[in-house]
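What TrEMBL records for this protein:
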type	residues	note
REGION	1-20	region 'Disordered'
COMPBIAS	10-20	compositional bias 'Polar residues'
DOMAIN	30-90	domain 'BTB'
Amino acid sequence: MSDQGDQKNEGSPSVDANSTKQSLSFEAQHLVTVMVEGKVFKAQKAVLVKDSLYFDRALNGPFREGQTQTIDLEDDVDANDFVFYVEVAYRSYFNEDFKLRKEHLGACFQERLRTVLNLWVLTDRFLNGRLRAIATEGLEWLLRVFDVRNWEFHYKSASTPHQDLLYWITLLQSGFKECLEFDTPLKDKFAEAAAAMPPQLFSELHDTLDPEFRSAVTKKFIKRFEDPKLRRPLVEDESLPAKRKKTN
C-alpha cells in the first residue's frame, strides 16, 4: 500500500559538529570479533557495547569473551540480520536521532517488514533498549499507510485490484504470526493496521483469517466504533463479602 502523499524521509547518518562525542575515525579503534554462522565479523567495541547490556557484560566482564574479545553467536543468529543490526548500531552511534526509513531497508514492502521484525528480535536478545525503540518506531512508520483513510481510498479506487487488498491483509497476518513465533509485543501493531480496513472488507475476509489473527483484529476493530461517552458506572464488586452493618 502506498501513501496518497509521500512523506519526507529521515534518518540519514550524520555527526553533529558541536557534539562532545568523537567520531570513531579519530578514536583509538578497539576492534572485537563476532562469529556468526561460521563467518567472522570485526566491529568497534564502543559501538557494540554502547546501548547493549549483552555485549557490555560479555566484552567487559570476567568471562572468556571479555578476555579474548571474541563472541561466538553460533548458528542461532542469521548473519545477514546481524550485519543489519551492526549497521543500525553504527548509524545510531553517530546520530542520536536516527530513524529507520525505507532507504535503509529492502526494495519491497514485505522485505522491509521482515527486516525490521528481525532487527527487533536481535535488539531484544542483545538487551539493547535504544535499538529496540528504533525498530519499534520503524515498524510503526512502515505500517502508517494502513490507516482508515488509505484503506478506504484503495477500497473505493477502481485502479486498485481487489487482489491487492487481499495481499495486504496476508502481509499483516504473516507479520502477526511471526510476532507470535518470536513472542514480541509488536503483534498488536499488525492487528491495529488490519483493523483499519473498511467494514465491508472485514466482513468478506473474516472467516478466512487465522483464528488468533481474526480474534486480535476483531478486538481492535470493535475499538474503532466504541462510544467513548458510554461508561458503565462503578459498582461494588459482588464477589466481595458485604460490609456488616453496625448494630447497636
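Glycine residues also receive a Cβ, built from the backbone N, Cα and C atoms like all the rest.
Taking DSSP states H, G and I as helix and E and B as strand, the domain 'BTB' (30-90) has 30 helix, 16 strand, 15 coil. Mean pLDDT across the domain 'BTB' (30-90) comes to 94 in this model.
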